[in-house]
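To start, the structure under review is shown below, and the notes come after it.
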Amino acid sequence: MTTSSIRRQMKNIVNSYSEAEIKVREATSNDPWGPSSSLMTEIADLTYNVVRFSEIMSMVWKRLNDHGKNWRHVYKALTLLDYLIKTGSERVAQQCRENIFAIQTLKDFQYIDRDGKDQGINVREKSKQLVALLKDEERLKVERVQALKTKERMAQVATGVGSNQITFGRGSSQPNLSISHSEQEYGKAGGSPASYHGSTSPRVSSELEQARPQTSGEEELQLQLALAMSREVAEQEERLRRGDDLRLQMALEESRRDTVKVPKKKEVKACCKPGSHSQQTTLLDLMDALPSSGPVAQKTEPWSTGTPANQTNPWGGTVAPANISDPWPSFGTKPAASVDPWGVPTTASIQSVPKNSDPWAASQQPASDAGKTADAWGAAKPSPASGSFELFSNFNGTVKDDFSEFDNLRTSKKPAESGASVPPQDSRTTSPDLFESQSLTSASSKPSSARKTPESFLGPNAALVNLDSLVTKPAPPAQSLNPFLAPGAAAPAPVNPFQVNQPQPLTLNQLRGSPVLGSSASFGSGPGVETVAPMPSVAPHSALGATGSSLTPLGPTAMNMVGSMGIPPSAAQPAGTTNPFLL
């Protein structure tokens, strides 16, 4: 027996504590172990007695008021109170609700022992749990049912054990194991189970008699307990069944949704594919419906000299074959010819086209094609260079640029035949004058820029510069670079129009004494070249019986007459030169 137990017994005798109070003091002692379950069961059974109930509760509230180093008194009192609420009389829970403030104050219990360990946390947590249980009546009822069921099972197990009976002394909380007489008989019988149970049957039967309810109240309590347990089991099974049914229904609904979504996606994909194909076929049908004839334009890669690819005109018109070569060609190659469907066509030779008064009417064809008419918006057919002018078609598939006249002069078989003819000033005809800006302005990226003449940048001293001496004869190319020749046709001999029948260049003294100087001076007295009015009619080049080499030089008087008639000064040049800058 320990010193604390001896001291406790002395206090019990001095203070004349009753049996119930002594048991409560023993269960809530300051010993370093918890209260015994058997002792708490005895105290719970005593709560059904009204006198014992008051003694037990008064001692419990007294233990809850301890503090400091007696923190075990408080903690064990809370543990005992929790057990009494669940397994004792219902009056315990009712009195605890009335004095719940005494339990709530224990949430701030503080104590730190010598080792620095916070021992008050055990009391704080236990008081919080107990307050929450007292405030929740439904939870309290459920836990009371479970605790009573557990207590009954423990009692049945204790009555079924006949080998070792655990008994507790009145003055001590430590169990004492006593060997019963049945164990000795079990050893004598050789350990047979039948002899063992037979020897213990009288004792077991007496314990079963004690476990039976003695009063009608206990019998009613056990009946309510059994009904509550069966009801709880049935409700739990029903909840599980409903949960399973709900999960099964959700899974079926989800699978049904998935099966509906997949065909819709397939239908959408199937609808999208034919739609795109139908759009493409509709566009192709519209393009095929437009009339198209003649050769298809071939477009070369601008950065390489690869195989030309076919290019379709979206407007249905015929695009003449154009050769788009390297944008940085080497010396000797011909300039790139770009295809512009709205540009002004050029001719392969320097022949004038008859004047057409109505741009929207059908053009006049030559004698060989007199019975045919041209449609301005229809599909154009390729025609020779001497044919009529078509407003939206090209004669040779190219568009005039700044150097197209020089290409025509180099590739022409009849160089400078129209040197003395006066060009018409109609925008729908092709002029042989290299400096005629009204009809030879190219439809390129800069249509508004005017063509420069020698007088525009040389002024009145234009006749003093011999431009023929600045032009040198380039080396003849190894092969023909004309993209408009038919395959297999013989290439024409390269002719330089600047060096045909070129006389001996005049010296400065000869230029000063020549009559051309006076006439040019009379025309070049102003800051620029005066505007020449268009003549009503111009004879074609073939009507002129003389070439540029057969013209006679004009004197000053003749030049004045020519100026009064409105003939441009380019027609009054000496007959011996074919310089395009002095025409």
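Just so you know, glycine gets a Cβ as well, placed from its N, Cα and C.
Noted in Swiss-Prot for the protein shown:
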COMPBIAS  165-181  compositional bias 'Polar residues'
COMPBIAS  197-216  compositional bias 'Polar residues'
COMPBIAS  301-315  compositional bias 'Polar residues'
COMPBIAS  346-355  compositional bias 'Polar residues'
DOMAIN    12-144  domain 'ENTH'
DOMAIN    218-237  domain 'UIM 1'
MOD_RES   SER173  phosphoserine
MOD_RES   SER192  phosphoserine
MOD_RES   SER195  phosphoserine
MOD_RES   SER431  phosphoserine
MOD_RES   THR453  phosphothreonine
MOD_RES   SER514  phosphoserine
REGION    165-217  region 'Disordered'
REGION    293-384  region 'Disordered'
REGION    301-377  region '6 X 3 AA repeats of [DE]-P-W'
REGION    411-457  region 'Disordered'
REGION    482-581  region '3 X 3 AA repeats of N-P-F'
Summed over the domain 'UIM 1' (218-237), the DSSP helix, strand and coil counts are 20 helix, 0 strand, 0 coil
Outside the domain 'UIM 1' (218-237), at least 6 residues beyond either end, the same-chain residues with a Cβ under 8 Å of its Cβ set are 142, 145, 148-149, 152
Taking every residue in the region '3 X 3 AA repeats of N-P-F' (482-581), the average pLDDT works out to 52
